[in-house]
Amino acid sequence: MSLFIIVALPFLGAFLPGLMNSAGRSACAGVTFAVSLAAFIGLLTNLPLVLAGEVVTARVDWMPSLGLNFTLMLDGLGFFFALLILGIGLLIIAYTRNYLSRDDNMGEFFTYLLLFQGAMVGIVLSDNILLLLVFWELTSLSSFLLIGYWKHLPEGRQGARMALTVTGMGGLAMIGGMLILGQIVGSYDLSVILENRDLIQADPLYVPALILILLGCFTKSAQFPFHFWLPHAMAAPTPVSAYLHSATMVKAGIFLMARMWPVLSGTPEWFMIVTTAGLVTMVLGALIALFKHDLKALLAFSTVSHLGLITMLLGTGTAFGAMAAVFHILNHATFKAALFMSAGIIDHEAHTRDIRRLGGLRKLMPITFMIASLAALSMAGIPLLNGFLSKEMMLEEANHTVLFGLPWLVPALATFGSLLSAAYCFRLIGHVFLGPVRDDYPAKPHDPEAGLWMPPAILVVLVVVIGVAPFLAEPFVKLVTASVLGDAAEVPKAYFKIWHGLVPALFMSMIAVVGGLLMIAVFTPALRLWDTTPRPEAKAIFDTIINAVVRVSQQVILPLHNGAFTRYAAVAAVTILAAGFHAWSTGSVGTATRTLQPADPVLIAGWLMLVAATCGMVLMHRNRFLSLILIGIVGLMVSVGFVFFSAPDLAMTQFTVEVVTIILMLLALNFLPNRTPIESSVLRRVRDTGIAIAGGLATFALAYYYLLRDAVSTPISEFHLANSYKGGGGTNVVNVILVDFRGFDTYGEIIVLGIAALLIYALTETLLGGPVRARLLNRLPDQARAGDVHPMMMVVLTRVIMPVVLLVGFYIFWRGHNEPGGGFIAGLIVSIGVVMQYMASGFAWTSARLRYPYHGVIGAGVLIAGFTGIGSWFVGKPFLTSDFTYVRIPPFEKFELATAALFDLGVFLAVVGAVMLSLESFSRLARRAHVPDNEHPMDIDPSRENPLQIGAKPAKEGG
Amino acid sequence: MEFLVASAIGVLTAGGIYLMLRLRTFPVILGMSLLTYAVNVFLFSSGRLTVGAPPILSDGVSVYTDPLPQALVLTAIVISFGMTAVVVMIGLGAFLGSDDDHVDDPSEDADDKAEGTS
């Protein structure tokens, strides 16, 4: 199966559990299982190729210019991890079906689980480090959802937040490291990077890159000093803990260290950092684990400890260490997942995970006892179980490792860590299962149904099989090791055997086991000593740091960001000015290449009017109606300016938009107060004037310098002018750009316009559905109304004019491709025609005659434009490729038919719909309770029998 | 000619910024409209100023003004209508809901009081 499908399956499948939620819990778990199984089988189909030593790849160029490609690669290492992720994932899904209670939303859980699974598979199969980073962040996000799945538990939410913060920060650091790595090599493809060991290690940026990448790995894999998030993530449901903390999430960091091993390892920096961190984590984690009373917390710290062990092995930088690490990853995944699931079973049946309240479960839960004991003994390193084998290899490796020039340091600490590890395993068995049966369990424990114990049992079978017959796992582990090592080293010859003879590792192992037993014997006094020793509480430190960061950012941000729009506007204006000034003072400006053109008297007159109107607006803005008239003048002058400077299309658009904007503002002003009171102090006004004048001068200077210089390079417009007729079939280049060259932009814009109109409609609906409704209905106008609101003259005139307006709109629309015009302008013209009907004949009368809702018109417009674009797919062209032809239907002249016209029709409809929906929404607010809707177009109509039955009451009201 | 256009842009910007910094919704909206004009004219003028050469292809004419800024500004004009309408609606909704057309939330902060109201 293609690697793409393997990675995509969990993501696509993530939709299914949510959809199947109502079909029952089994159906929900069933589809999830089926999705994972399909991916699992798909992975297995690639096994023969991987066994043959080939690297399976799949590649799609995504953003080649950025070096970001969707490249997947499946080698031994990737296969190994994908196998763990998908295989243990299957067991977890089966286990979850029985674990979650009826109150838990199973669809939600499985959706998160599949998202997480997909992200993990993506990490281990990525052949592009940028793509890997994307998946890496996805695991942080989806694990956040999983850990915080029980939203009602504060610990769950806090644990999820902490995990996200720590792994997210690590991810950020890693992005930096990966980018440096990509810069050094000149490629972001992993397969290329892995071949450039010498280049990378010789680069001066090797150490920063190494530290940043290791930060990502250490946070993800809970290495000291970032180990503290993992135990807090235990607030998650147990299947999540079993999955995330045995085989997947925390192994992602390990995976990356293994993946990068050929290029990053072998240097003193790598050795020092990785081995030390691993060693400290291993001992510290084991020590804390021993004294934890919560079963899951014990397992969590033991996970931390074992991850430290693996990290240390990778840190040694030898081929044997890498092989031991790979083997231990496999063994740890099997026994740890089984242990977590057993802990979940105990919690499920006994209703407590507190070791102090348990004991004697051996007789009550024999099956669980068997499973958990075998897994725990394996973790303790007892022969004939798989944990023994990799622990032996670890001790062997530790024996050859010299850190800080002290040959005894690493072996001693490794033995001590193993001793503690054995001790907490014995404690787990002894204090939970052995001992007398108690009679004060919170619930009566018994073995659960097969659905719960079967998944861990399968894993324990693996534990025993590998432990008894290690030669079965040997070829596979060596295959994986070979792909970890790459070209950097040879796979070690050593065989996997239970009996190596009387080697030092065996003695160290014996010391560990015997020491562990002794430790349990003196556990009670040791615990007392532990409890009296003061220790830093990681969560308190974390919270203190977070609170400090929050305080600092509040102090920095709140003074600027205090919720006052005026302050934002002022800050933004000043900032932009400062940035512009900086650019101005540091950049260089060439000499003017264009000459000043003489000013026309018409232009001067227009300029005078524009400036006068603008100044008038500013000075008299307190009179809102007057300022509305003045802004109309400004708009008109801008339109005239467009005509003057050879932009007829723009002039027509600006002019028509001006009309609808003014109508809109008038509708709003109908409700708003007529005057703006004086509120701001003189000082404030002076300050604002200063900002405004500075802004005005800046834009003036920018525009003036700009206008007197030619473009540095040839504008793309040359292409548009040259190809407009040949390629687009139109002589109006502006229109051809809109509907053809940049049709996709236009398509986006009409969608935005439609959304804006729908938003206005939605806001109106909300207003009319809420408490504002009564206020609106009983509102008294603050000004006298006209006696004859809908005068006959106007009604008749607008109706006579309507066909003419439509005709003009039709004409403007059709000639748009070759002469000034087009869908935008025609849409605006037709809208004005319709608005006039509303104004003249009244809202109720017009709406009653409206056949199509404006939402539909917007939708039809967007759909027509969209389908026109899709149409070009059928002839094998990209979206929105236009075509045109000339036809002649006698007796007419030959004329042109272009698909662009169809697209323009979509634009036209969307514009009409959007403009009308906005204006209609506003006018709906204006209906009032004591004024009946006018069913007649005219208030005074001599042809009616009762001509004085007037819709709107005359001017007596209000005032 | 260039001077007139550039100064018109400057005047529109200055007026727009001043009105944007007012305290009530209506002048702020008008200020944004003025700023929209300024931006549109500025973008338009990035094609430089040409008189009497509209970008309508015809035989025998070889000088045309730059059509691309025109196309961009055309859609910008229409979109800005949509955005103005949304902002007006939001302002209106806020006024109808609270009988107050201040753009800023009333603040208890004494510092702001000195700055905001008289």
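Using the three backbone atoms N, Cα and C, a Cβ is placed for every residue, glycine included.
Now, the feature entries from TrEMBL:
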- A:63-110: domain 'NADH-Ubiquinone oxidoreductase (complex I) chain 5 N-terminal' (DOMAIN)
- A:72-95: transmembrane segment (TRANSMEM)
- A:107-125: transmembrane segment (TRANSMEM)
- A:126-399: domain 'NADH:quinone oxidoreductase/Mrp antiporter transmembrane' (DOMAIN)
- A:205-230: transmembrane segment (TRANSMEM)
- A:242-264: transmembrane segment (TRANSMEM)
- A:270-291: transmembrane segment (TRANSMEM)
- A:326-346: transmembrane segment (TRANSMEM)
- A:408-429: transmembrane segment (TRANSMEM)
- A:450-473: transmembrane segment (TRANSMEM)
- A:565-584: transmembrane segment (TRANSMEM)
- A:610-673: domain 'MrpA C-terminal/MbhD' (DOMAIN)
- A:683-764: domain 'MrpA C-terminal/MbhE' (DOMAIN)
- A:690-707: transmembrane segment (TRANSMEM)
- A:794-916: domain 'Na+/H+ antiporter MnhB subunit-related protein' (DOMAIN)
- A:820-840: transmembrane segment (TRANSMEM)
- A:852-875: transmembrane segment (TRANSMEM)
- A:933-944: compositional bias 'Basic and acidic residues' (COMPBIAS)
Beyond the flanks of the transmembrane segment (A:326-346) by 6 or more, those residues with Cβ under 8 Å of it: 77, 80, 84, 88, 91-92, 95, 99, 238-239, 241-243, 245-247, 251, 254, 258, 295-296, 299, 302-303, 306, 309-310, 313, 353, 358, 361, 365, 368, 371-372, 374-376, 378-379, 385-387, 389-391, 393-394, 428, 432, 445, 448, 452-453, 455-457, 459-460, 462-463, 466, 473, 477, 480-481, 484, 496
Residue distribution over DSSP helix, strand and coil in the domain 'MrpA C-terminal/MbhE' (A:683-764): 68 helix, 1 strand, 13 coil
Segment-level pLDDT (mean, integer) for the domain 'MrpA C-terminal/MbhE' (A:683-764): 89
Which of A:63-110, A:126-399, A:683-764, A:794-916 contacts the domain 'MrpA C-terminal/MbhD' (A:610-673) most, counting Cβ pairs under 8 Å: A:794-916
Contacting positions for the transmembrane segment (A:820-840) when only residues 6+ beyond its ends and CB under 8 Å are counted: 648-649, 652-653, 656-657, 659-660, 663, 732, 734-735, 738-739, 790-791, 794-795, 797-799, 801-802, 805-806, 808-814, 846, 903-912, 915-916, 919-920, 923, 937
Same-chain residue ranges lying at least 6 outside the transmembrane segment (A:107-125) that approach it to Cβ under 8 Å: 3, 6-11, 13-15, 17-21, 28-29, 31-32, 35-36, 39, 72-74, 77-78, 81-82, 85-86, 89, 92-93, 96, 100, 131-132, 134-136, 138-139, 142-143, 145-146, 149, 237, 240, 243-244, 248-249, 252, 255-256
Surrounding residues of the compositional bias 'Basic and acidic residues' (A:933-944) on its own chain - C-beta under 8 Å, 6+ positions past either end: 788-792, 795, 840-845, 848, 927, 950-952
